[in-house]
């Protein structure tokens, strides 16, 4: 390919020092050299990703100016890498360039970051990223003919602009994913622009690219949120569960070594350090492929692919078969007399090994459920090990595991039952109401997006054999989007509590959330009047958006409304919309208690 070459990982600013250890084995040296091989065309892409993700508001012209600064800097360091400025890490150099561009920090409100140095500055830039990109204009779309003409006129500029638009709308997506997306998009443009049916071709090619980007974004944001809010121990627990389920024959010692590379990868990638992210991900993939015989029989084809394609292939590869003779229980954690002593001697290693053994034996469970069981086990041992007869106590811990799993399973069964009975549209309205009750502070666009994601999760999973793990995993990712990546995101006390108290049990926490009643309630008549005016306002707008806004406003103003009440009102407004006639007897939708609440609210309003 002309611009994005998938034959090796892209690396730039070679003279800059990085924190990863230098390899010593010949095969590792070869891989390291391949990773460090500089491909000049791709310097621009990595720079665009970094600048666009750190300052999403920056214009394309501003990003292009910064890229030129980067290229000049690279050339100076190539010519003389002993210059003091060339000893910086790539990420520090990138942030220096952002801060040094005249007027840019003030214009885009990140000057407070430029007053910091080192880790505090890197963290500040990270916290400055915005997951909700509603402040950006809609993604620019071109007619397929115009798109192809622009691509033929100047393919490099066309692809640079595409990379800029995608990167700033996906500020937490790792650089290797964005590079792969851009490469696939270039392949699509090259192919489709030669076709008669260009629009059909682009649609077919775009679907898997969009799906890959969306899935990667959701998972990476969730894991980075866990790292930022709960620290490296929770991140390690997630990775132990994920890798043990996928590669059940890997030994615990080998897994521990692999996860050292994985943890390093997430630290750099989550922070937005594009160079560290690419290099460390390359190291993880190389580690897996160099030991594939002892890790998995399912990844041989993946390891033969081009480097950027390997990761996606390994992620999507089937789970390896459970080793023969592996029992469903590991006795050392429930039957041994020395459980408490082993826990006390090295708690981190002990519980990591527990997750490893339990996960490889129960690949049917979701990652969140495996973390819940681990938390139950930790709490149970805390109690048992303080008793006179600990062994007699913790022998019954399996009962607690089963109770926890049954609670989670019941939630999934209820959600899939709703999916089967309600249909997609009604189900989305159900979740829209549910999310709005819990978090009325969120903008409508975000609430609609969350409800769509839940419906998509159930649509994907509720007909599968591994329904439970699939739904629980994807539903947890939706909550990860609600909670956000940054520690400084706050919604309301109840939601914040669920998001920040216990990563493993946040889904259970959300399930029991009541409506946030801190919102003020207008009278029923004022509510109906406002909703009717909005409903009948002539706008060039999709009817579905009006329906969504109707429900969101209804619930924001009346958080105590029941399912029957909002459904009744929704039906009445829908029936009246054709002629925008008066809504017939809207008050009849409300129970006496609801009417009373509305009257009390009206009385309160008069007192102000």
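Yeah, the Cβs are placed from backbone N, Cα and C, and that goes for glycine too.
From 42, 153, the position flagged in Swiss-Prot as N-linked glycosylation site is 153.
Per-site Cβ counts within 10 Å over the disulfide-bonded residues 193, 201, 289, 393, 499 peak at 499.
When the alpha carbons of residue 303 (disulfide bond) and residue 270 (disulfide bond) are compared, the span between them is 25 angstrom. Cβ contacts within 10 Å of residue 461 (disulfide bond), excluding its own Cβ and spanning all protein chains shown: 22. According to its DSSP assignment, residue 193 (disulfide bond) is coil. Helix, strand and coil counts from DSSP across the region 'Binding pocket for hydrophobic ligands' (215-319) read 86 helix, 0 strand, 19 coil. If you take the CA of residue 148 (disulfide bond) and look 10 A around it, the disulfide-bonded residues you hit from 192, 313, 483 are 192. Just so you know, the Cβ of residue 302 (disulfide bond) picks up 21 other Cβ atoms within 10 Å once every protein chain is counted. In this model, the region 'Binding pocket for hydrophobic ligands' (215-319) carries an average pLDDT of 91. Cβ packing within 10 Å was compared across the disulfide-bonded residues 114, 269, 270, and the lowest neighbour count falls to 114.
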